[in-house]
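K.L.:
Got a structure here, written out as C-alpha cells. Questions coming.
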C-alpha cells in the first residue's frame with residue numbers, strides 16, 4: 001500500500017512553518033495515541049504514521065530531501081525500526097514538540113498539586129495556620145527512587161551503552177533517536193523494587209501545616225514549593241498550590257479591602273437621631289445616627305475594613321442604614337402612631353415627608369399630562 005504524503009498526513013500545506021507542523025502533530029498525536037484508543041489497531045497505525053511524518057518534516061535536512069525525492073529518499077533502511085514509544089503521552093507527544101525527543105530523556109519533575117481550602121471571613125482577614133491531608137506520590141523509601149530491588153541498581157543499557165540514544169540509518173542520513181530498549185533513559189531495571197514495582201515512587205497521604213497570610217480573598221492561592229509529587233528517579237518535586245475560597249458571612253460582605261453591612265435602625269431613632277452599636281471584625285463600636293436619617297444612608301468607618309495581602313492601606317467598613325417599620329404593636333402604641341400620623345397632615349406636607357411630597361407631586365403631574 002502506497003504511503004500517504006506526509007503533509008497530507010498532518011493536514012498542513014507544503015509551505016507550513018515548523019510551528020504549524022508541531023501544532024498539527026500535537027493535535028493528531030493526542031487523538032490517535034494508543035492510551036486513548038486501546039485495542040484499536042487502526043488508531044495505532046495512524047499514530048505511527050503521524051509520528052513518522054512529524055519526524056521527517058521537523059528535520060530541515062530530511063524535509064528538504066523529502067520535498068525533492070518524496071518517500072524514495074528514505075527507502076534504504078526505512079525508518080530503522082525506531083517505532084513509536086507509547087509508554088507516556090506527555091513524554092512522547094510533548095517531548096518532541098519541546099525538543100525532548102531528540103536527546104536523552106531526563107527524569108521528569110514531579111507534578112504540581114492543587115488543594116482547595118475554605119476559610120471563614122475572619123480567618124481570611126487575620127490569617128490562619130491549618131493542617132491539610134493530601135494524596136500524593138512520594139519517593140519510595142525502599143529503593144530511594146531508583147526503582148530497583150533493594151541491594152541492586154539499574155544497569156547500563158547494552159543497546160545504547162548508557163547514552164539513551166542510538167544511531168539509525170534513514171535513507172541518505174544517519175540520525176540519532178531515543179533508544180527503543182531503555183526509552184532514552186540509558187539504564188535498565190532488571191529486578192524491580194517490590195514496593196514501587198520499578199516506578200521509584202509510591203502513593204500515600206501526607207499531612208502538611210499551611211500558613212495562610214492575613215488579607216487573602218477568594219481566588220488567591222498560596223504556593224508551597226517542593227510539596228507536590230516527588231519527581232521520577234530523583235528529579236525535583238513539584239509544588240503544591242492551595243486555592244483559597246472564603247465562605248459567605250452572615251453580617252459582612254467583602255469587596256476588595258472594604259467591608260459592607262446593613263444596620264437596622266428603628267424609625268424613632270432614624271427621625272430623632274441617636275447612637276447605636278455596630279459590629280466590626282475588631283469588636284463593637286459606637287455609630288452616631290443623625291436625625292432625619294433615611295433608609296439607604298451610608299456611613300463610612302475608616303480603617304475598619306481589611307488590609308489586603310498585597311499591601312496598601314486598611315480598607316473601610318461601610319454601614320447602610322435600613323429603617324425598620326415596627327411590628328406587633330399594642331393598642332397604646334397604635335394610638336400614638338395614629339396621633340403622630342394625623343399630626344403630619346396629608347402626603348403633600350413638605351416639612352415632614354419631603355420624599356413623599358416629591359413622589360406624589362410627580363404622580364399628580366403624570367395624570368395631569370394624560371388628561372391634557
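For all residues, glycine too, the Cβ spot is worked out from N, Cα and C.
When I checked Swiss-Prot for this same protein, it listed these features:
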{"type": "BINDING", "residues": "140, 143, 193, 196", "note": "Zn(2+) 1 binding site"}
{"type": "BINDING", "residues": "157, 160, 179, 182", "note": "Zn(2+) 2 binding site"}
{"type": "DOMAIN", "residues": "5-70", "note": "domain 'J'"}
{"type": "REPEAT", "residues": "140-147", "note": "repeat 'CXXCXGXG motif'"}
{"type": "REPEAT", "residues": "157-164", "note": "repeat 'CXXCXGXG motif'"}
{"type": "REPEAT", "residues": "179-186", "note": "repeat 'CXXCXGXG motif'"}
{"type": "REPEAT", "residues": "193-200", "note": "repeat 'CXXCXGXG motif'"}
{"type": "ZN_FING", "residues": "127-205", "note": "zinc finger"}
K.L.:
Return the residues near residue 182 (Zn(2+) 2 binding site), defined as same-chain residues 6+ apart in sequence whose C-beta is under 8 angstroms from its C-beta, sorted by sequence, else 'none'.
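P.N.:
Result: 157, 159, 160, 164, 188.
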K.L.:
Using Cβ atoms and a strict cutoff of less than 8 Å, what residues sit near the repeat 'CXXCXGXG motif' (193-200) while being 6 or more residues removed from its termini?
P.N.:
139-143, 145-150, 232-234
K.L.:
Within a 10 Å radius around the Cβ, which one of these binding-site residues has the most neighbouring Cβ atoms: 140, 143, 160, 193?
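P.N.:
Of 140, 143, 160, 193, the one with the most crowded Cβ is 143.
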K.L.:
Between the Cα atoms of residue 193 (Zn(2+) 1 binding site) and residue 179 (Zn(2+) 2 binding site), what distance do you get, rounded to the nearest Å?
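P.N.:
So the Cα of residue 179 (Zn(2+) 2 binding site) lies 23 Å away from that of residue 193 (Zn(2+) 1 binding site).
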K.L.:
Please indicate, using numbers and ranges, the residues of the same chain that are 6 or more beyond the repeat 'CXXCXGXG motif' (140-147) and have a C-beta under 8 Å from a C-beta there.
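P.N.:
Counting only partners 6 or more residues beyond its ends, the repeat 'CXXCXGXG motif' (140-147) has Cβ contacts under 8 Å with 153-154, 189, 192-196, 198-202, 230, 232-234.
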K.L.:
Pop the Cα-Cα gap between residue 179 (Zn(2+) 2 binding site) and residue 140 (Zn(2+) 1 binding site) into the table, whole Å please.
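P.N.:
Distance between the two Cα atoms comes out at 26 Å.
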K.L.:
Measuring CB to CB from residue 179 (Zn(2+) 2 binding site), give everything in the same chain under 8 Å that is also at least six residues away in sequence.
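P.N.:
Result: 157, 159, 160, 163, 164, 165, 166, 185, 186.
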